[in-house]
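Take a look at the structure below.
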Ligand SMILES: [Zn+2]
């Protein structure tokens, strides 16, 4: 041993600190026998030095005293004097104890210093070795915990079993005697469910009590309310034990870690009594915190899963209720099937046709819709179920909406019918069917409000969808209708999917905000003569423009009809404006009933900036569809010339 000869020692020994005891390995023949002593006063000098972390320089007469009555850990003849050097880590942990004996002249001081310095190098080497080992241990620890999560997600472990496995792995890894996990009950910062090892088996962890009020425990209250980590031990900081009223004599050290953030506490992990040290280390805090995060996450995951199941159940039940309300009365179905369906007048094939007031009062719109669909799809299996579909669709539109009602759906569907008839070669049979059905359903269950209103009033639909709240809702209700009526069940699976996907895209395309976002791109496409409707993406753009054109078709009817349609829209808009005013929010002139005299000018703006650019783009894409453009321009001229007072005459 190098140090032994350098210091001139007659003999030297090393004791390993193995947690709660110092161990000396004695070689006898070919075997090494460990002999150990607890790290505390009352046995050998090395155990006492490990306990106090002090370097001792002892004469023979001092080898045995009340602190170390067994003297040196060396059997047989005792030396005259001995130096005992604890090798300390930077955080004051004793790794080993070295003992050097000298019989005659004693140690030279500089050699003792050298021994101390050398001891530090040895300690550093041991620390590096320890770090390597602990990294390996940490890797295994993390792998074990991740495996617990994996088993939980694969449903091989229940929630309790997973928490149990994580907490026990953590407890053993950081060498704590006990661990308690507090799961904070949502929205009640100081109420918690407690998970800990059962009294009969410390390796089974379970929820032992529910809804504990943490205010009754000073330590937990401090951690919960102030979101602080508390790491205390008996001894140096005994006043903390008093502060937190910890009176249990079996508790020597406590580490309490909050999980979550100061705004939202999710849980607290409390570990008690570090086995091989007076208190817990900083690295323990990280491991405790990680284990707590994992446990909190899986509890949260489980709760979300339960909520999701409940929500799906509720949604399915509401879907059944909604469908039931949309199913037409059996008498209406019988009547629709038994009487001859009224045919629309021959000139209904033009864009500017609109049912007369008499036709509207005779409730003929469903009949006319049936005729239009039959005109396009006569003899198709689809038509066998179409009567129920159209009656359900009619019922799905709210009569309380003055504009977004079945009459508007009819108006838009009629425009679509004329377009499809005019250029049927442009669209496949299924495309025609999707365009017609999407148009008929495009505003189903419309509440008579705009998307910005839904957002401002925090309507549930604005939470359900990211954008185009209404259009997504109409599409969703349409899907319910399709499923109930089974109108596409005769299609091959791929065609069925293409049909419902296409209908969804078409309905969502009626969101004007989306239309404006695409408009510039489409204008450039047409201007640069790059538009090619044989390309699927371009074809979809064309269909979107057609959907918007049909949706706006009330603006290119004979002026008197357009005027009435426009007023019915203003009735809806003014109701919305009233609500905005009541909330002190800014109101646009089109929503402000006190500015009704601005209607002609607002209409001029609407036609110039929305309707005409849209139908103009359409005619550029499909020149044969020029009528909507011509009719819109005519109405624009009238709106420009008319004063409000004349609108009623
Ligand atoms: Zn519409």
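We count from 1, first residue shown onward.
Glycine is no exception: its Cβ is also placed from the backbone N, Cα and C atoms.
Keep in mind that TrEMBL annotations are predicted by a computer and have not been checked by a curator.
Over in TrEMBL, the protein carries these features:
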{"type": "ACT_SITE", "residues": "404", "note": "active site, proton donor"}
{"type": "BINDING", "residues": "404, 405, 406, 407, 408, 443, 551, 603", "note": "AMP binding site"}
{"type": "BINDING", "residues": "408, 442, 443, 551", "note": "Zn(2+) 1 binding site"}
{"type": "BINDING", "residues": "443", "note": "Zn(2+) 2 binding site"}
{"type": "DOMAIN", "residues": "315-646", "note": "domain 'PDEase'"}
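Annotated features, which come from TrEMBL, shown on the structure.
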| residue | record | DSSP (3 states) |
| --- | --- | --- |
| 404 | active site, proton donor | coil |
| 442 | Zn(2+) 1 binding site | coil |
| 551 | AMP binding site | helix |
| 603 | AMP binding site | helix |
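Close to ligand 1, meaning a Cβ under 6 Å from one of its atoms, is not one of the binding-site residues 405, 406, 407, 603. For the binding-site residues 407, 443, 551, the ranking by surrounding Cβ atoms (within 10 Å, all protein chains) places 443 first. Fewest other C-beta atoms within 10 Å: among the recorded positions 404, 408, that description fits 408.
Other residues of the same chain near the Zn(2+) 1 site, with their Cβ within 8 Å of the Cβ centroid of 408, 442, 443, 551, are 404, 409, 412, 439, 446, 474, 510, 550. Within 10 Å of the Cβ of residue 603 (AMP binding site) there are 24 other Cβ atoms, across all protein chains. Between the alpha carbons (Cα) of residue 406 (AMP binding site) and residue 442 (Zn(2+) 1 binding site) lies a span of roughly 10 Å. In this model, the domain 'PDEase' (315-646) carries an average pLDDT of 92. Nearest Cα neighbour of the residue listed as 'active site, proton donor' among the listed binding-site residues (442, 443, 551, 603): 443. The Cβ of residue 406 (AMP binding site) has 24 neighbouring Cβ atoms from other residues within 10 Å, across all protein chains displayed.
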